[in-house]
Amino acid sequence: MTGFSRTRDILLREVLGRIQNKLQEVGRLQPGVQKRTIISSAMEKDKGRDRRQKTKELILDSTKHVANVVTPPVCKGMTTLLRSAFDKNFEIPTVTLGSENWSTAFTILKPYLLKIRNLKPVRVSEDGKTKYVYLNPALLKGTSADEFLELLRSQSDTGEVFQSISVESVCFSYDNWSHDQVLDSVLPDDIEKLSSYSKVGHLIHLNLRDHLLPYKDIIGQILLDKIPSTKTVVNKLNTIDNTFRNFQMEVIAGENDTVVTVKHAKCEFQFDFAHVYWNPRLGTEHERIHCLLERGDVLYDVFAGVGPFAVPAGKQKVQVLANDLNPKSFEWLQLNIKKNKVSDYVKAYNLDGRDFITTVVQQDLVARLESGQISQPFHVVMNLPAIAVEFLDAFWNILHGKEVDDLNILVHVYCFVKGAENYKKEALELVKDQLGFQLEEDEVNEVAFVRNVAPNKEMLRVSFKLPKIVLTSPKPVNDGPSPKKRKVSEVTEDESSV
């Protein structure tokens, strides 16, 4: 019984008390019956499995919220990873099992097992006749070995399979701890810890705050060790280095290999993460748009990137014209079109977004109008949240003199809203202001929340039907100040495309 508390207050009394109350509720126990005899008397009155199951459930209910007490040693302030510093011995409660009815015993023991990374909770003797099962020490805290053994035996017809409970000294190493546990062990308590990271193929992308920079090397090495299939860890530097909004980064652990392969929406994408931007958090939003598309529809993707909207749409046999200003994005977009065998449906362009709308989109719409191919829906995706709304006025007059009554063009434009109490209303007003037209209620298909980007900063999508007057008329002259427009080079990483 060494290593176990002899008090019954924390676990055994609570469990037995619950059983007593439950039995009183179902009329199987008269008030005043001693708690020490509850389990045995209940079993005598009902030998069936259902009664033993009720007992088991009551025991589990009292222990299911207990935390694991097996944690790594404290190594605060470590900046160069020393894996041996994370070795630590723990006294682990160990159940010895006989040679029969192992499957029944494991079913009973499963909720109490010690669940630690890279640790097998069962050890087999050399002759194979005995098994030793490691238990979570926290679940036995407050009861003695004999008492817990009694609880285990009460749940089995062959209770003798549980031979004994002892304490075994087990050495845990760096390999047994998760990345969160090791980071908590290393980083000082008085600073904000690493809040998140992005996994893109074999690469982990970090955006470390200044107070974590002294620990960047050890953070990178821990993530490289602990996150499966990781080969490279990069940290974003503070500058956006050119017109195409891709950011500078440094490799802080692993191979200097930023060309990644990502599976997304039943497609496979390849690109150089150092030269193009990919946001792995918005797969759900991509799927929402894909669900709006049907075979034969037309999609104009104004800021296509490497193709997360365009390529899966091609798989749906949607006719897609996809554009991106970044020559590197354009190259990878072309490769991904070919790689996913959608060349018959997706065509790529390397133009400014405004030029793409006023030339490629305009010419394609005119050709379809003149050939009568306008029965299908047309979709426009504008996926550069920081400035996409500033391109909306490019749609004015692109179909001057054309009959567009039967033309249905649905625009899906993404934007950011900061500090607004009603952010959906604010997003719609932003779209109306930049379009230069007061959309009617029936012209607005949806204002959808996409994600929270930062405190008091939301990303939204406004989906609306392009009005006939916008398509066929010159933009009205505005006597007031024009809405401020930013250059693409002013866009930060968080404001980049989906």
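Keep in mind that glycine also has a Cβ here, set from the backbone N, Cα and C atoms.
Sequence annotations record features per position, and here TrEMBL assigns S-adenosyl-L-methionine binding site to HIS286, ASP324, LEU325, ASP352, GLY353, ASN383. Taking all protein chains in view, 29 other C-beta atoms sit within 10 angstroms of the C-beta of ASP324 (S-adenosyl-L-methionine binding site).
Annotated domain 'SAM-dependent methyltransferase TRM5/TYW2-type' per TrEMBL: 197-468, in sequence order.
According to TrEMBL, the feature region 'Disordered' maps to 472-498.
Other Cβ atoms within 10 Å of the Cβ of HIS286 (S-adenosyl-L-methionine binding site), summed over all protein chains shown, number 19.
Taking the binding-site residues LEU325, GLY353, ASN383 in turn and counting surrounding C-beta atoms within 10 angstroms, the largest count is reached at ASN383.
The DSSP secondary structure for HIS286 (S-adenosyl-L-methionine binding site) is helix. Here the binding residues for S-adenosyl-L-methionine are HIS286, ASP324, LEU325, ASP352, GLY353, ASN383. Their largest Cα to Cα distance works out to 22 Å.
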